[in-house]
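Annotated features in Swiss-Prot:
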type	residues	note
BINDING	Leu124, Met159	substrate binding site
BINDING	Leu124, Ala125, Val126, Gln132, Gln133, Gly134, Arg135, Gly136, Pro137, Tyr168, Glu169, Arg170	acetyl-CoA binding site
DOMAIN	35-202	domain 'N-acetyltransferase'
MOD_RES	Thr31	phosphothreonine
MOD_RES	Ser205	phosphoserine
REGION	1-28	region 'Disordered'
SITE	His120	site 'Important for the catalytic mechanism'
SITE	His122	site 'Important for the catalytic mechanism'
Amino acid sequence: MSMQSTHPPKPEAPRLPPGIPESPSCQRRHTLPASEFRCLTPEDAVSAFEIEREAFISVLGVCPLDLDEIRHFLTLCPELSLGWFEEGCLVAFIIGSLWDKERLMQESLTLHRSGGHIAHLHVLAVHRAFRQQGRGPILLWRYLHHLGSQPAVRRAALMCEDALVPFYERFSFHAVGPCAITVGSLTFTELHCSLRDHPFLRRNSGC
């Protein structure tokens, strides 16, 4: 698949893992076409940055991606993003890029390696008005399902603060150790998730 596609594939709707309930809005998605999941485009960059800035600045003091970096990734690899829209407005999103090394490093924050097989999840953010509704887990599960439909992507990787490790472990991520990336005085744990062994693939195959 060309990583330069300007018409990224529309993600399929997966089933959620046990213990992660669908929110009321997700349960009604078949009767509410205004609730939509799709890959982002460069035109969504400003909305994404506004959500990201509000979510991260107050907690970490920095954003995972600045506006130019968001535009950069949504131009190069829009198929590695996923947004949740309500009434046409972006309310939650994930942005990723491809990486070609076993572990993340400082360069992976800004680079997209088109020949790589690891999807690096740069940011997951939910608009403040839609938090505490289970949207983060739903979006992440759909995103992993979307990645699993892309043959070139074999694994997902991310870095997070220690307090968030249990959240990602619910989705079959496992910690591989301290991340080589630091942001100021902040340190992170690196987590990986094999998409070839992920539970949704076993269910979809009938196993």
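Please read every residue number as a count from 1 along the shown chain.
Glycine is no exception: its Cβ is also placed from the backbone N, Cα and C atoms.
DSSP assigns Pro137 (acetyl-CoA binding site) to a helix in the three-state reduction.
Residues near His120 (site 'Important for the catalytic mechanism') in space but far in sequence (CB under 8 A, at least 6 apart, same chain), listed by position: Gly96, Ser97, Leu98, Trp99, Leu104, Ser108, Ala156, Ala157, Leu158. For the pair formed by Arg135 (acetyl-CoA binding site) and Leu124 (substrate binding site), distance between Cα atoms is given as 11 Å, rounded to the nearest Å. Of all Cβ atoms in the shown protein chains, 18 besides its own fall within 10 Å of the Cβ of Pro137 (acetyl-CoA binding site). Proximity to Met159 (substrate binding site), defined by a C-alpha to C-alpha distance within 10 angstroms, is shown by the following recorded positions from His122, Val126, Gln133, Pro137, Glu169: His122. The recorded positions under consideration are His122, Arg135. Their Cβ neighbour counts within 10 Å are lowest for Arg135.
With respect to Leu124 (substrate binding site), the closest of these binding-site residues in Cα terms is Pro137, chosen from Gln133, Pro137, Glu169. In the three-state DSSP scheme, Met159 (substrate binding site) falls into the strand class. Distance from the CA of His122 (site 'Important for the catalytic mechanism') to the CA of Gln133 (acetyl-CoA binding site) is 22 Å. Fewest other C-beta atoms within 10 angstroms, among the binding-site residues Leu124, Val126, Met159, are seen around Val126.
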